[in-house]
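See structure below.
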Amino acid sequence: MIEVKNLTKKFNDFIAVDNLSFSVKKGEIFAFLGPNGAGKTTCIKIFTTLLKPTAGEVFINGINPVENPNKVRKLFGIIFQDQSLDDELTVLENMNFHGVLYGVAKDLRINRIEELLKMVELWERRNELVKNFSGGMKRRLEIARGLLHHPKIIFLDEPTLGLDPQTRNHIWNYIKELNQKKNITVFFTTHYMEEAAKVADRIAIIDKGVITAEGTAAELINITNTNSLEEAFLKLTGKIIREEGEKNIDQLRMQRKLWKR
Amino acid sequence: MEKIKRTIYIIAILWLRQIKRYIRSRTRMLGSLGQPILFLVALGFGFGPIFEKAGGGDYIQFLAPGIIAMTIIFTAIFSGIEVIADKQFGFLKETLVAPVSRYSIMIGRTLGGATVAVVQGIIIFILAVIIGFHPLITLSFPLAFVYMILIALFFTGLGTAIGSVLDDMHAFPLIINFLIMPLFFLSGALFPLKNLSQAINIAAMINPLSYGVDGIRGVLVGQVHFGLLTDFTVLVAFSVFILFLGSYLFSKIKV
Ligand SMILES: Nc1ncnc2c1ncn2[C@@H]1O[C@H](COP(=O)(O)OP(=O)(O)OP(=O)(O)O)[C@@H](O)[C@H]1O
Ligand SMILES: [Mg+2]
């Protein structure tokens, strides 16, 4: 379903994605794990026609997003890492806008919007403006919206960041159900190891634009000779949780600057 | 057939979004009416006596069409800032990954922005009538709205074009003022274009706004400089050009 061949993306001289090759089968749930700045979002942007590769090729269901962007756009749904709602519109208006954009027929749209909003527990608040919502509520709405047109592939870039465990459960159950019933391919990134271990059929670990390991959670634990995915990740990337890692580096840099003075 | 219907739906939903945002932000609505009202009242009553002494006739009659045009162009061009806002607040990504042509998105947005601008122009029109403007009510009266729509389209397209290439919301008003103020002052909105120096005349002739002001004034007051047909033709040409340019630049946006 997703075919990546020698994919490279440079921003000026900086190599964000470095000669990457892998594939995701139809109906698979595939997790992309990696520290901050590993190149996960950059890959997703390339798959979803927002960025063009510097070199290499990508095929989504056999179609090249550079050559046929609109054909590829019909196939996927995406939940972006950063916000993408219209704050001045209500929940329902955001959903309807999406439905019309993707040509979801009216009756179907009405039913699905109700079903999805109930799933993310926003149905009661459907007529409220999004701008008054909390971060987690906005996230839930974005997830509901991304699923509205029942795409063949769904890209989720850290979908459950900042959500409470119960909501995360709901959402993953819904996505798994879609995956099983409609054979939807799921490609997601996350920083929650236990989530990846639980949900994904297959996991790729990416660091500095390169895939360092790939396999099921059990396989990754096996090849690294560790006891959990968390430990395997640490062994493969040398980092625990990226946010903390980055912060430490920043702090070290600041300290160095202070010492120099 | 199915495809045309879908395109119309998409344009309509984008149009509707602009309208809803306009209705919901009353401060913006009132704020953008403040300046034209000030111009209308201050200039109208301030310069009126001088203008009349100089033999120009009733100044409000002359000024009102210019101020209506002013309202429209400022509202229209400032709708371009929404492109930048949508980039910054992330909503643009939602439209850019959708399986719809960038041209439909651009057309929907532009029609929405232009509608808002024309509505603002009509509000100023009504206010002008309240403070003493007497428009000619003839068969050609509805033509005034055609000119209003054309300048609204042109300047919304221009705003979108500029918004597409800029990333900085704070730079937008600076650039716009730099661009629009000269266009506005040299458009015949505030003073007649006849008997002016050659340089100003040429500047006015290459200024699309001159034709919009002339068209509106021609219909509502009966004073024309270029001729109504010329006004119409030039405005259509300018608008088509800018819509193509805007669509092109919009389609090149990176998020
Ligand atoms: N438009 C851009 N211009 C320049 N550099 C960029 C651009 N987009 C991304 N990068 C760089 O590319 C690298 C990869 O970024 P990317 O967003 O793909 O990381 P990520 O794996 O999604 O990280 P995170 O876990 O923080 O979301 C980073 O170093 C980033 O600074
Ligand atoms: Mg990312």
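Note that Cβ sites are derived from N, Cα and C of the backbone, with glycine treated the same way.
TrEMBL labels come from automatic prediction, so no person has curated them.
Taken verbatim from TrEMBL:
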DOMAIN    B:27-253  domain 'ABC transmembrane type-2'
TRANSMEM  B:30-51  transmembrane segment
TRANSMEM  B:63-85  transmembrane segment
TRANSMEM  B:106-133  transmembrane segment
TRANSMEM  B:139-162  transmembrane segment
TRANSMEM  B:174-193  transmembrane segment
TRANSMEM  B:232-250  transmembrane segment
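Here the transmembrane segment (B:232-250) sits against the transmembrane segment (B:106-133); at least 3 CB pairs are under 8 Å, leaving out pairs fewer than 6 apart in sequence. Counted over residue pairs separated by six or more positions, the transmembrane segment (B:106-133) shares fewer than 3 Cβ pairs under 8 angstroms with the transmembrane segment (B:174-193), which leaves the two as not touching. Looking at B:30-51, B:63-85, B:139-162, the range that has the most CB pairs within less than 8 A of the transmembrane segment (B:174-193) turns out to be B:63-85. Note on the transmembrane segment (B:30-51): residues 57-60, 62-64, 67-68, 70-71, 74-75, 78, 120, 123-124, 127-128, 131-132, 190 of its chain, located 6 or more positions outside it, place their CB under 8 angstroms from a CB of the stretch. Only residues 6 or more beyond the boundaries of the transmembrane segment (B:63-85), in the same chain, are considered here, and those with a CB under 8 A from a CB of the stretch are 18, 21, 32-33, 35-36, 39-40, 43-44, 47, 92, 109, 112-114, 116-118, 120-121, 123-125, 128, 133, 135, 148, 151-156, 158-164, 166-169, 172-173, 176, 180, 183-184, 187-190, 209, 212-213, 216-217, 220-221, 250, 253.
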